[in-house]
Every structure is written in C-alpha cells, then in structure tokens.
Amino acid sequence: MSQLWVLYETYCQLFSLTNEEKVIVIGNQLEHHVTVSSFSFRNGYIQIEKKSDGSTLAVLQGGRQIGELKPRCSITIDVDGQQMTIAWSGEEQRKYVYYVGQQSEVLVSNDPQADIETTNARFSLRKHRGQWVVIPDDDAPLFLNGVQLSDAVSLRNGDVLLCPYMQFVFIEEDLLAVTSSEEVVSSLTETMPPLSEMKKKYPMYRRTPRMIYELPSDKVSISFPSQEGDGDPRGLWLMVLPPVMMLLVIGAVALIQPRGVFIMISIAMFATTIVTSTAQYMREKKARQMRKEKRRRIYTNYLEQKREELQALSEKQRNVLYYHFPSFEQMKSFVMQVNSRIWERTAESADFLHVRIGTADVPATYEVSVSMGDLANREIDDLLEQAQHIAKVYQTVKHVPLPIDVSHGAIGMVGKRSIVNGEIEQLVGQIAFFHSYHDVRFVAIFSEDDYKHWEWMKWLPHFQLPNSFAKGLIYNEQTRDQLLSSIYEMLRERALDEEKDKKRFSPHFVFIVADRSLIAEHVILEYLEEKNEDIGISVIFASETKESLTENVHTLVQYINEREGEIVIQHRKAAHIPFQLDEHSTEGNESFARMLRSLNHQKGMSNSIPEKVTFLEMMQTRRANELQIVQNWLSCQTSRSLAVPIGLKGRNDVVELNLHEKAHGPHGLVAGTTGSGKSELLQTYILSLAVHFHPHEVAFLIIDYKGGGMAQPFKNMPHLLGTITNIHGSKNFSARALASINSELKKRQRLFDRYEVNHINDYMELYKQGKAEQPLPHLFLIADEFAELKSEEPDFIRELVSAARIGRSLGVHLILATQKPRGVIDEQIWSNARFRISLKMQDVNDSKEILRNGDAAAITVPGRAYLQVGNNEVYELFQSAWSGAPYVEEGVEAEDEIHIVTDLGLVPVSNVATDRKRSRQKPKTEIEMVVEQIIETQKQLNIEKLPSPWLPPLPPRLARPASVTAEANAFPIGLKDEPELQSQSDYFYQWLEDGNIGIFGSAGYGKSTTMMTLLLSFAGAYNPAQLHYYIFDFGNSALLPLRQLPHTADYFRLDDEKKIEKFIKFMKEEMEQRKQRFMEKEVSTIKLYNALSEEKLPIIIVALDNFDVVKEEMPDFETQLIQYARDGQSLGIFFIMTATRVSGIRPPLMNNLKTKIVHYFIDSSEKFSLIGRTPYDVDPIPGRALIKKDNAALTQIYLPADGEDDIEVLENVKREMERLKEVYQHIPKPKPIPMLPPRLSMSVFTNTYVQHRASGFIPVGLDEQTVRPVAINMRTDPHCLIVGQSRKGKTNVVKVILESLLVQEPESIGLLDGIDRGLAGYANRDDITYIEAKERLAQWLNEADAVLQQREREYIQAVNENRATTLAWPPVVFVVDSLLRLQQETDSIMQGRIANMMKQYSHLGFHVFVAGNANEFVKGFDALTAELKQIRQAILVTKKSEQSLFALPFTRNEQEIEPGFGYFVVGGKDQKIQIPKVE
C-alpha cells in the first residue's frame, strides 16, 4: 500500500492508496477522499488517477491533466493562488520498531553518524524529565499530527511525526516506530513491541478467569492473663511485731521478776521466731517476684504471637481491598496495557457495582474475641490492658479502600459541586473499568453548562444506549425529549414484566442525576425516585444539599471538603463513616474512555465468527450480476435438497439451512428479540432460496400479521405469491388466510389425484417431463410475529400448524418467527418444528423456551444466532448474512457511509460510491439489487409468475364500474371475495330474478350509499319509460340527489303524510290494473307480459331508506308495504329498503326480501339473526357487506361514483345524473303522485290546471286526491249554493265563479254584493250588472225575464220541431254574495219572483249562485228559501258537521277546514277541493 502526501499552507495530510482505488479526489467536501476546506477549487477539484501501467499517477484539474507523479516524486500546483504540493511514495511502506529506552537523544538526519540515517528528514529527539521532546530543523519541514512544527514540542505516545515519505510514532516511552517507503539505516536496536495476550488480540477482548481473593474471616481469640497472685497481706513488721512485743514483755518481766532459765528459753524462742519469720518473708517475696516476671514474660510472648497473627490478617484484608478496589488512576494504567482485569466483574459477581469512594478505617472482616471473664472480681493490670489494646487496634483496618454498593436503588452524593463532579468521574471510571458494556449502561443527566466536564465520558462504550448510536448524555431539552422517552419505555416494559422478580434484566442501567430540574416534569422520575430495585436500575443523585434528594435514597455520601467525606446513611441506617478522598486528575480520562471504546468485548464461542457478513460476502461475490442465478435455477433440484446458505460460522465456513424433509425440515421456528436481526435473517433466507431455485420450484407466502414490511423488498419477485397481512385489523384475517391456504392444499391434492402421485417431488418430475401442465413449487409459509398473531388469533395458528402438518408431502413448509417465544410455543408447534433458530433472546427463560437451554440469552451481536435441528443433531452458532447492507460495486469497502457522530446518534453525511452522481442519492441495498437481478433473469427466461393463493383484502373504497346494458340483465354491485376459490370477482344482481332487496347495518356503514349504487346502476341501463323510482327518504336525506334522476317519479319525506296516503292508493290501483292486464294476456310475470305485449309496462322500484321509522310511526303503511312486497314482484314492482335493526322488519316482509345485503352491525347478533352463521364477519368498513341470496358472499359494495372522498363522490353522482338527464331528455318522465300546490292562485289554476274549458262548466277548484279541476256542471245542476260561516272564503268562491263565468261570455250576470261590499271591484265591469238597490234588482229581473221568455218561446217551437237538443244559450246568471242581504233588500213578492224564475227558466240558461250562512238557508219558510233548499249542488267552506242542508258523512273529531279549501257537494256526495285565490 503506497501513500499520497498532500502539503498545503502549514498542514500535511496522508492518504493510503489501495489497489482498488482508481481515482482519488482532493476537494473541499466531506465526501472527497482528501478534504481541504480552506481551498475554493474554483477551477475544479484535483483528481489523481492511476495509469494502466500502475507506475505513474496522472494529476488532473477540472478534467484537464496538469501533471504526472512518479514514485518518490512530488508536484506543486497553484490552486486559486495558493500552493499545494502532492507527493507519492510509490512503493509499499515498511515498518521498523526501535528500542530507545537507554537513549537520551535520537538524531535523525543524513549524517552517517546519526542514529537514524535518512535523506528525507532532519530533526532530533531528546528525553527531558522522562518525556521525549522533538526539536525540528529549520531547513527540513516536519509535521506533528498534520501541523507543521516550528519549535520544540513534548510528545505523547501515539503522536505522529510526518516528513516526506516517512512517519515516526512513539508506541511506548521506549519504543519508536518508523514507517518508510525506503530502507532505513539505524544504529538503534530493532525489536518487536512486547504484546500481552490481550494486546495480541486487540481490539478483540474476552474475559479471562477472574482471580478473586477472599477477605479473611478467621476467628482470633485472645485470652486474658491469669490473675496476678496476691502477695502476703501482712508486712514484715506484722510478722515480727508479735514476737518482738512478747520479747519486750518477757524482758520487762525478767527485769521485774527474773525467772532464770524460763526467761532465757522464752527469749531464745521469740528471737528464733523473729529470725525465721524474717527469713520466710524474704524468701516468699523473692518467689512472688519470680512468678510475676514469669507471668509477664509468657503472656507478652503470647500477645506478640497474636499481634503477628492479627497483623497478617489485617494486611491480607488490606491487600484484598486494594486489589479488588484499585484507584481510578491505577485503572487508567491498566486500560492502556489492556490488562486482563478489564471488565472482570459480571452481573453474577458478589461485588457487582461495588465501587471505591475513598479510603477509611474499616471494620476487620476477621473476628477478634477477648476472653473477658469476670472483670468485676479482678484488678486491671498492664498485661490485661495490653491485650485489650491489641484487640481494639486490630478490630479495624486503617486506610484501606472504602466501597459502597450502587447495584440497586438510589444513593445520594452531597457536597460542593466541583467536588461531587470529580468523585462521579471516579465512580464512572471504576464501573466502566470493571463492568462490561454488555452488563452495565450509563445515563447521565446534567446541566449543559457542565458539558465540558462530562464530555470525555461519551467515549465510554457504556454510555451508548442499547440498539442505538445515541449516547446516554441528557443535558438539554432536545436530548431529554429524544432519548428519555425510549429509555422510559424500556423501563416500563421491565416494570410490567410479570416475572421481573425471577429474572435479572440486562443491561443494568446506572442513572447519574446531577441536574434534577431537567427531568422534573418527566414521567421517568416515577422509576428513578421510587423503590424499583427489581427492574435493573441504579440511581446516583448528586446535589449540593441533601434536602434536594428523594426519600428513597438508601445510601448518602457527604463530601466535607476536597480531602474528607462521610457516609452519613448506609442501607437506610445512620452510619457516619468518615473517609479520605482519593487523589485523581482529569488527565488521561479521555484516553481511558477511548481505549475502552476501542475494545470489542466478545462473549461465548465467537472467536472465528465474523461480526458482520453481508449477503454478497456470504455468496463470495461483490456484484449482484455475478450471482449464478440462471445456472442455479437450471441445476438446483428441490427433490434432492433445499439447502441454501444463511450465514457463516467461521471466516469461510458457510452455514446452510435445508428444509428438505430428510434434512432440517420441513418446518421450524425462528426467535429473536427486538434488534436481534430476526427479520433480516428471514429476508436473507428468502433471498437465498430465490437465488438458488427456480420460481416454479420454490415460492413464498409471507404472513406478516401487522404489516411490518418484511415482505416489501420482495414485492415484485416472481417467487413471492403474496403477503397475508392484517394491517387494517380485519376480523376475517384468520378465516381468509386459512381459506386461502386450505384452497391451495386442496388444489394440490386434486392435481396429485389427477396424476396419481402422492408426493410433490413425483409431481414435479411429471411436470418437467411435460406430462403435467401446471407447476407446483415448494410453498414456504413464513409467519412473522406469530406470538402476537397467536394471542389475537389462536385458532388461526392452530389450524395453520395443522394444515402445514397435512401439507408435508404436498410441498408446504412452515416457518414461525417471534420475538417472545415464552407461552406461545405449545406442544403442537414444538413437535412440528424440526429446526429452531434463536437469535438474541431477552433472558434465559426465553432462550430455554426455544433451545431448551439459556445460550441465546448471552448473544450480544445483532445477527448472531444458534441453529438447532432435532434433539441437538445440529447445534451451531453462526452469524447470519445481512442482505440489507448498502450495495457497493466499487470503492473502499470500509467506507459504506460517512456519518457525523453526535450525542443523539449518527447523522449521515453522504454515501460513498465511485459514481459521483450516485453518491448524492440514497444507495440501494444488496437485497434490492439481488431482487432486481432475479426479476431481470425472470424476464430473460420469459418465466410466467404463478397465480397467488392469497388475494389481497377487499379495498375499503371501490368505484362503480361503467354501466352495463339492459340486455345483460345483471348488474355488478360490488367486488365479491372468495378466498376458498382463490377468486375475487364482481357480484351481480340478476335483474328481475333476485327480487326485493333488504339492506341492513348499523348507522354510518353504507346502507344508503349501497341503495344509491343500485339505483344508479339500474338507471344507467334502463330509460325512464322502462323504469320508475319512488324514493322514500326517511333517513338523513342521503337519497336526495336521486330526486333529480329522470327515472324518479316521486320523492317522499317522512312528513309527507298525504302524499304517502296517495301513494298507497296509487299502488293499489296500479297493481289492480296490472293484474287485469296480465289476465288479459294470460301471463303471470312482468317478464312474460312485456315479451308478449306491444305496450310495455315499466318496472317500478320502491326505494325506502330507514324502514325502522315505518314500523315505529307508520303501522298502516307497513301493512300495505308487506302486501305490496308479497304481490308486487311478479307484477314488476320491487322494493329496496334499508334498516338498522332486524326487528324493524316483520317476518312476513322479511320473507319477501329475496336478496339481503348485510353491512356491519355493532351488535353481532343482528347479523346472525339475518343470515345465520357465516365463515366471515363484516368488518366495520363503510360498504363492506355480506350478500345473502342462496349463500353469503363477503363483498365490498361499489361506490355510486368515483371519488377520493364523499364530497367528490357526491359531485360525480350529480354529474352522472346530469348525463342521464341529457341522454333521456326526449323520453317523458314518469308521473309523480299528484299533490295540491301549497298556494293556488287563480292565474295558476286557469293556466296550469284548467287546460280545456267546456261550455256549461265552471271550474271552481282542484280535487285533493286527483289534483284535477272540479267544475260546476250548469247543464245538470243549474244552481249552486256557497255555504260557510263569516270570513271563511265564501266571497272568494263567488269571485272564482264570476271569473269562470266571464270567460264563457254570458248573456247577463246580475251581482248582488254582500253587506261588506267584497265584490265592489266588479261594479264597473260592462258584462256584470252590479245591483245596489231593490229597484235595480227589479230592473235586472225584468230584463232577464224578457230574455228568458223569448227563449221559452224558441224552446217550445224547437220542441215542436224535435230539435230541442240543439238549442244552446249563453247563461243568464244571478249571483248573490249574501243571502241575508237579499232577504233584507227584497220583499216576499220579489223573492217569490226569483223562486219562480228558478223553477221556470233553469232549463233555459238561468242560473242562481247564492252564498250564505248555513242557518240562513234553513231557518226561513218563504218561497225563495224553500227553492234554495232544493238545490243539491253546493260548495261548502265550513265543516260538514256544521251544516244540515246536506246529509254528508263526517268523523266525530272532524278538523277545521283549512283556508283555501272546501267541499264540493253534488248529488249527496262530497269531495274536498282546493279553491284558487282570486287576488
């Protein structure tokens, strides 16, 4: 590997050239190989290209060559006015290591006397106070870590000195490494750096057997010395005094009374006594002194032995404590040496998370006991005091490490902020040194102002959060919000674990809370400040005052000053243990952390297993197009083997999974916790099968219950037959999936029976020979997250396993994958799973569930897994291949991506690729490229993709297809789902055959929309002459738009009571008419009638939305509808109705609903009552329904029109109706139910309703039922009464009569107005004689009488000539607005004259119209009144019960007549009419 040197300004960059590198780019962007940010490169970036011969390098800028580089040569380039020098070593670099431990100076120059002779460098190295100092030469450039030196600088281990074509690095204080492209001549001793076993394996690190020294626990008993003997309590004088006294007495007696010999004897005796007593005393005194000295000597020797024994135990305890709890400064040194004590403690260690907080006098672990005896009965002498002193001294061990336990609960650290922060550094360093990042992780919460103090810790691997690149450093709101939530969820999951008391969670989290205010409002405090000792967390609270700490702190450490501290509380008890703080400095902290970060802790059998292997690496290729896919498809035969590689168990040792029934198969389990690589392993296996086997040999059906996206990369691959998913939460997931799978099994069984084979291998052999037409691949059913699937769909998993067991010979293989196997792998699943693959498991219990041992719980590397076949017939640990790796065709293999490392994780900067344009795009993954290659191979070989047994779930919205013609007699109303037939097709409503339709479902699930779809479909096929709609919209007006359809005869609302009554009458008449017509044609159905008759009858469809209202509020209407639904179908009258409850429709009507469309019911019993038990439920999706005719079919009803939302659908429905109106504009619309207008004026009445006026008929109003004009027939009934109370509209009736009379050009009209002169407007009319007085009335009567007499003569003559029927005269009319005024203004003679004229001239065109009160017509007995009573024609503007002129039927609770209405009475019969208003 040669090197490229780039020198500019005062900097130097070194780039190592590999054989794969073709083009090196020098620019100012991070993605460039060499980045020089201070240069603008306005003329283009510098490119260094290898020439084909490899002996020279071409230097280009902006695509133009500006020079060449030869080995050990350089070129200087002007870049935008700045100089840049590029040099190339041109040869492989060689490394030399020299021992310089005995040197005080090392000279590097071209001098033969120099320690290192070279022409490329000139500088010296001198040792000053144990540290090397580099002294550059002014004439020779020298760079330290890429920056040019101008003065002497102290060096540290690892600093790199650069000069042209050479590097100098102190790898140890006494070892100098020199890298050069030419041979180095040196007088120094060349050596190899001594490496410990750990350093040899660096950066791989594995724990070694731990040395554990036990603390002494001996029992040392110290016996007290024997009690010192009591001396003679009598002194010498007490012994001598008696005989002396006796001697003196005898002497005195002898002087007074001498006795001779007796006296002498007595004196001798007492003198002897004195002498012997004195001698005896002295001898005993000497013996006592000797015994005392012997006692002291013996006990002193005894104490010395005990002291030595206790001293040895004390030293042992001291050594053990200092060994197991070294200082943080010692640990820094250990780490640099890659000491075997790194990470020696495990979660099972007794001293797990025990840390040293300083030194103190601690109680001895050995026992010192003193035989106290009965001290109350003896004196304390110096020997006893010595024994007590020794026992006291050795009951404590002085100045040894004082540990505290931080393995559970919360501890508090109180003191000055700077002191506490420094001590936290030591605690963190100790924990990081002794505990692996597999076992312990840190989360520090501190103020952003202290970030510099905590920054070095981010390099510790323990601060990296599990399954993330983020650091456990929380110092502001952003880091808190982005990191703490995921940590909280992890703790919450642990807290909710029902077996948390029986397990140890890993990793153990140590929270360091130095700024509680940052998380004061966060929910994670419920775990940090409460007693949560069973979820694998510890908390260290740091504060300046103890009042800021939580009450659940079990240990409180107070720092008094920079040298002293005290354990105030320990294990929730007062302790007051003073201690001295350890001295430490921040120097070396970052190096310590970085060194630990570089170590890769391996656990278990992982020496030769790679940490990561991509799919293409496993396949031993770098390009997807180099995979031998075509050759594999042609050569690999499933009948022989299904073995495909899935990973490596060694560098070149491939692990294969073979699901052939004679090998590892046919079924198995895959388990792995979140982030373990389970889905990636399944994807690798699928991809490997697809690369090795033809799509007609192997196929997949992926069951991805929650739609996790595992199947997404394979969506277009020919091997993938479908993805069974329930991402929308369908109730029919399991039923549909099982139906699809069972249909596939039945299909295979049918083919086997047809070709008389019983195994898939035999069948495929027939297919390859051309004897069988359809290929049957091995079908792999892969169910991801089956634990959740089983918990929610237990019957499905049971049936799935059962189906797979049956399908063994049919070529069906089942792979179940889960995160949590505990409690979901029953005996049926276990007995059918021959192989099991377990990736990282959450705990030992989960591992035992899948492997029957706890090995998988110890896995730490993503993608690492155990393969177990049968009863450990195969048991291998391997690294599964990663198919999701970025695809790199050419380039530096180690530079897949460039990221900026932040505390929140990795932020990608760019993607490295040789193609500059591709580097700006998201790189494709290997799985994408391989799938593309598979698809391309399929196209090249023209391989047809096999049909899928699984059809996707029905979509939630489907637009109605284009209208079909009437001749089709079948209307698609929805998409029918039949997974048992592997089919999805239109559901057709057979015109006239499928009868009445009932649409049921809870509110809001598409009943009205379904009805609209049906009606629009029919309307598109049949014109308004062939099809009539009567729409009853009793719901939420959803059918209102259909009112505009040209087929809609009428539209009814709930409050249209009169119109509904008329509809009932209309339907009765229509049905009777149709029955009569059918009898005439001797047919029984509308289909036959229209086929035989020239006059076709239209189909009538009565659409009734919300039938529930009918039953509740319209019982009479319901009774009629039941009859119509029963009898109307054969007559061409059909009903479509909706209801929200089954009970809303009576059984007689329900039995006449041949087709039932059942939408979603909130109460599932409603569906059961309608159509019984069905294999599928209706999902709560608008438009989803079961259609029951003969069988129930799950269907998604089409929308009436296309549209993304309901508003767009409605707009398109309106457009469709406009289109239909234009199409059918020349066809008459069906007649609506006739209804009176809300207001009837005289002009509207005459222009709209009175279309033809016949002579002798006076239209006076509209019939309420038929809405046809009602007229007074003056030919049959020449006179008419207008009867009513005052102000009830009599005058208006008179006006209507006058207006109608005037149109007929009468001979004469005499008008007698009422008292209120309501007809005064007619006074000036030429053709009306307005009568104000009796005289004027008499005059008009005379004139009329003369005219009538002349007519009588003509009539008599005509009778004689037999032509009386041909006579016709214009009417002579006498109109009276008030009978009372007439009676008041005239006398009996005149009244009699009028009565006579009525009798004599009625047949000659004389007519009388009289208005008055009912009483006015009956109370009088004069001739006129009597004649008026004889009139049988009248218009009543009063209640029928309020008059007695006519015997008319009425009800007891007869309603008041509405203004503008009245009764037209003729011949004893009445009909209600609407009377026009004359303005």
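Positions of Cβ are set from backbone N, Cα and C atoms, glycine also.
For the ATP 2 site, Swiss-Prot gives G1004, Y1005, G1006, K1007, S1008, T1009, N1036, D1105, I1197; the one candidate out of D1190, D1205, D1206 that the record lists there too is D1206. With R1287, K1288, G1289, K1290, T1291 listed by Swiss-Prot as binding ATP 3, the candidate from I1099, I1100, I1101, I1475 annotated for that site turns out to be I1475.
Per Swiss-Prot, the range carrying the annotation coiled coil out of 291-321, 911-941 is 291-321. Considering other CB atoms within 10 Å as the measure, the emptiest surroundings among the binding-site residues G1004, G1006, G1289 are those of G1004. According to its DSSP assignment, T1291 (ATP 3 binding site) is helical. Here the transmembrane segment (260-280) has Cβ contacts under 8 Å with residues 236, 239-240, 243-244, 246-247, 250-251, 253-254 of the same chain, all six or more residues outside its ends.
Binding-site extent for ATP 2: residues G1004, Y1005, G1006, K1007, S1008, T1009, N1036, D1105, I1197, D1206, maximum pairwise Cα distance 20 Å (rounded to the nearest whole number).
Neighbour density at the Cβ, taken as the number of other Cβ atoms within 10 Å, is lowest among the binding-site residues K1288, K1290 for K1288. In this structure, the C-alpha atom of N1036 (ATP 2 binding site) lies 35 angstrom from that of I1475 (ATP 3 binding site). Those residues noted as binding ATP 3 (R1287, K1288, G1289, K1290, T1291, I1475) have their most widely separated CA atoms at a distance of 15 Å. Between G1004 (ATP 2 binding site) and K1288 (ATP 3 binding site), the C-alpha separation comes to 49 Å. Using CA atoms as reference points, the recorded positions E785, G1006, S1008, I1197 were checked against G1289 (ATP 3 binding site), and the closest is S1008. Using CA atoms as reference points, the recorded positions E785, G1006, S1008, I1197 were checked against R1287 (ATP 3 binding site), and the closest is S1008. By the criterion of other Cβ atoms within 10 Å of the residue's own Cβ, the least surrounded of the binding-site residues S1008, N1036, T1291 is N1036. Across the structure, E785 (active site) and S1008 (ATP 2 binding site) are spaced 39 Å apart at their Cα atoms.
Sequence-distant contacts of the transmembrane segment (236-256) (same chain, at least 6 residues past either end, Cβ-Cβ under 8 Å): 263, 266-267, 270-271, 273-274, 277-278, 280-281.
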